[in-house]
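**Student:** Before anything else, here's the structure in question.
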Amino acid sequence: MSMTYVTKKNFCAASDDKESPEDEKISASVERLLVRTTKLSTVTIKLYRLMIVVRIGIFVLFFKWRISTALVMMSSNDTDRTSTVRAMWTVSIAGELWFALMWVLDQLPKMQPVQRAVDTAALDESLLPSMDVFVTTADPEKEPPLVTANTILSILAADYPADKLTCYVSDDGGAQLTREAVAEAARFAVLWVPFCRKHGVAPRNPEVYFSAGFHGGVKARAVTRGEYKGMAWPELARDRRRVRREYEELRLRIDALEAGDKRRRQRWSTADDGSCRRRGTAEDHAGVVEVLVHPPSRTPQLGVSAVDARNFLDLSSVDVRVPAVVYICREKRRGVAHHRKAGAMNALLRASAVLSNAPFILNLDCDHYVNNSQALRAGACFMLDQGGGDVAFVQFPQRFDGVDPGDRYANHNRVFFDCTELGLDGLQGPIYVGTGCMFRRSVLYGVDPPRWRLHGDAGKDVSTEADTFGTSTPFLRSVRTVLNRSSEERDATYSPPCPFDGGIGEATVLVSCGCEDSTAWGRDIGWVYGTVTEDVATGFSLHRRGWRSAYCATAPDAFRGTAPINLTDRLHQVLRWAAGSLEIFFSRNNALLASRHRLHPLQRVAYLNTTLYPFTSVFLMVYCLLPAAIPPLMSGNAAAALSMGTPPASATYIAFLAALMATLAVVAVMETRWSGITIGEWWRNEQFWMVSATSAYLAAVARVAFKVAARKEISFKLTAKQTAAATSGAGVRERFAELYAVRWTALMVPPAVVLAVNVTSMAAAVQGGRWRNGPAAALAVAFNAWVVAHLYPFALGLMGRWSKTLSPLYLLVALFTIRLLCSILRLHTV
């Protein structure tokens, strides 16, 4: 195992400039270790790479034999069956080639994994840069205000200088409820933030901190004296009771706001006086920028001693400053394209530029709270480290609370984050996945990385004209400041062109509908438009320009969120991702057509795999349905022709099949070894891949095909978020009641058909004794069983079952149904 140590860079503007006192301070700490990079060159990795090469070699030999066999079979003199045989062989080989190609595209980019560890203590407090945190929300009905409030409180209480942190909350739905809930959270932060600092509270989400029971499958427990990191252990219990009472009152106030909002919406829905139109709707409302908490002073401000220790906190030795909070609601008008989340992020980027203009930006969804208070410092270490000047963004893995202990629907997605993203970190870096990501502000303005520009010429390779960024003079000044200083990251902040009070008007203009007209927003600068997966497209555009990214996994987890554990919501979420990936493939951000030579070849392969994978559903449906459904319904020449299109059960075929399955098993085991995931997590990922491929992927292909043909935008509904309280019930079954609540959707039809057809085919083969009719029949039954095993979590979700076992009633119903279908098929074939 080879070790590479990376130290802090001395960011000097020019070698002939005289060093300032700040430069000397950075030079003095140049040898301090910030990031340690470990190349995984162990025996496991070498064996993993060897098995990939071996399996690719087996693929080559298999297809050589397969195609030659197909040519012989298709040269049959029987003219009645030639066309059918040719079609079946063509479809079969095309599917096998596609599956092999997708497997290779998935494995190749993961062959150079690295692991990185940060030492936040080595980063000088005075060198921490200013940071803007973007929190996005759009619908208070599906994204509960209490969840958003807890996310904001965790950000404000993060272990970061209060004067260098600003939290921006984007309310894309323009809901009065969201604005009032954010204001309530800002008021409670005056008590919560000092409490966290005084006692070293973790995690700093009050709902999670105060809730008993399980969170993320781990039972909460009291902090012991040996683990306590604060300064007043005897006062912890008393202060905790006081803060908890205040938090319960906050929850009651937010509940009252929700109840009042519901009554208000009901009144508007029955009103005929146009009152709803005057107040605005989610798709038609005015822009608002409001400072809820003003920036604190740069010097620490200690609190006061408690006059009555029973009712007040003693904060005489605690810094009571609270970071700034800005509420933003961008303008929306009917008939104007708003570009979903990407448009909201670009509005936040412009508004923050004239208010705080921090060099680094962290974006979080409203349900992803700061779980590790050191997370912001960890991200800054990557940006400020030697060689970190070309890091565009730092992606943190997504972790979730409230997921069922078995993770039935692979919500944690550990294979992607701990295997794929970790593997890509050895190339140009991980893919941007939408939340829990820290950006360098300059990269979002279209600037090239340092290695691709002349030293000190950061601002000369990007136009700052109005046709690129817009006509706002203060904003153009802020852009020039960023671009001119992006090669000198020694500065802790970029001076904003307007103070907070004076910049509100300009920020409001920058979140209006017309500020992007005839500009490069969404194309060359900012978050990319044209797809619902703006995260992948934006990350690709940055990698294509030569920037790299970094993967940062901390312990404990940096951020945690809530995942949709209901099967319906989970399938709709996957549908949105799959359709967005296909939109990217049919756009100018297609990795196959990207002409920039700055993109690493294997990074291109990774993005190609990310945008192509939904097409697998087409071939998978053919393989899962035709072999099982068609033979029992055919007779005579048609059935014989179909059988000639299936793989011959020869010794050669069985040998190839055994070799491919054995190498797949070895690769899977090696993959779990170096990535740290378990075999169970890998298997759950495979199961849900089958569920997704037969449902959401197929629907995504159909929707995007319709969009390309009709040139019409497709809409997706927002995934509903759980409330924080829903994860802390008294019992496991009560807290995961959503898991076995059946909510029918059309996405369930294809996998249900696949499951029924394969179960029926398997039962018919066993009952009729066909599985004894040679190796081909036995392999067919084994394939049916393989499909059913993969769809087992879907079967549980379809029946609304909590446990992993089927009740006797469901077994009887299933057996009766299968027997009935077998009887019908037998009568049909007689």
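Each Cβ is built from the backbone N, Cα and C atoms, and glycine gets one as well.
Annotations for this protein, taken from TrEMBL, read as follows:
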ACT_SITE  D172  active site
ACT_SITE  D535  active site
BINDING   K142, E143, D172  UDP-alpha-D-glucose binding site
BINDING   K341, D365  Mn(2+) binding site
TRANSMEM  47-67  transmembrane segment
TRANSMEM  87-105  transmembrane segment
TRANSMEM  605-630  transmembrane segment
TRANSMEM  650-668  transmembrane segment
TRANSMEM  744-764  transmembrane segment
TRANSMEM  776-795  transmembrane segment
TRANSMEM  807-827  transmembrane segment
**Student:** With the transmembrane segment (87-105) as the reference, find which of 47-67, 605-630, 650-668, 744-764, 776-795 contributes the most Cβ pairs under 8 Å.
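**Tutor:** Maximum Cβ contact count belongs to 605-630.
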**Student:** I'd like to know if the transmembrane segment (744-764) touches the transmembrane segment (47-67) in this structure, counting it as a touch only when three or more C-beta pairs sit under 8 Å and are separated by 6 or more positions.
**Tutor:** no
**Student:** In whole Å, how far is E143 (UDP-alpha-D-glucose binding site) from D365 (Mn(2+) binding site) when you measure between their Cα atoms?
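**Tutor:** That comes out at 10 Å between the alpha carbons.
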**Student:** When you put K341 (Mn(2+) binding site) at the centre and draw a 10 Å sphere around its Cα, which of the recorded positions K142, E143, D172 have their Cα inside it?
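**Tutor:** For K341 (Mn(2+) binding site), the recorded positions whose Cα atoms are within 10 Å come to D172.
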**Student:** Can you name the far-off residues of the same chain, 6+ from the ends of the transmembrane segment (650-668), with a Cβ under 8 Å from a Cβ of it?
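**Tutor:** Residues packing against the transmembrane segment (650-668) from afar: 47-48, 51-52, 54-55, 58-59, 61-62, 65, 107, 679, 682, 775, 779.
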**Student:** Measuring Cα to Cα, how many Å separate K142 (UDP-alpha-D-glucose binding site) from D172 (active site)?
**Tutor:** 13
**Student:** Going by a 10 angstroms cut-off between Cβ atoms, which of the binding-site residues K142, K341 has the sparsest surroundings?
**Tutor:** K142
**Student:** Of the residues named as UDP-alpha-D-glucose binders, K142, E143, D172, how far apart in Å are the Cα atoms of the most distant pair?
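**Tutor:** Per the listed residues, the maximum Cα distance equals 13 Å.
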**Student:** What is the separation, in Å, between the Cα atoms of E143 (UDP-alpha-D-glucose binding site) and D172 (active site)?
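**Tutor:** Computed Cα spacing between E143 (UDP-alpha-D-glucose binding site) and D172 (active site) is 12 Å.
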**Student:** Applying a 10 Å Cβ distance cut-off over all chains shown, what neighbour count does E143 (UDP-alpha-D-glucose binding site) have?
**Tutor:** 25
**Student:** State the Cα to Cα distance, in Å, between D172 (active site) and D535 (active site), rounded to an integer.
**Tutor:** 17
**Student:** Taking the Cβ of D535 (active site) as the reference point, list residues of the same chain whose Cβ is under 8 angstroms away and which are at least six residues distant in sequence.
**Tutor:** Y432, V433, G434, C437
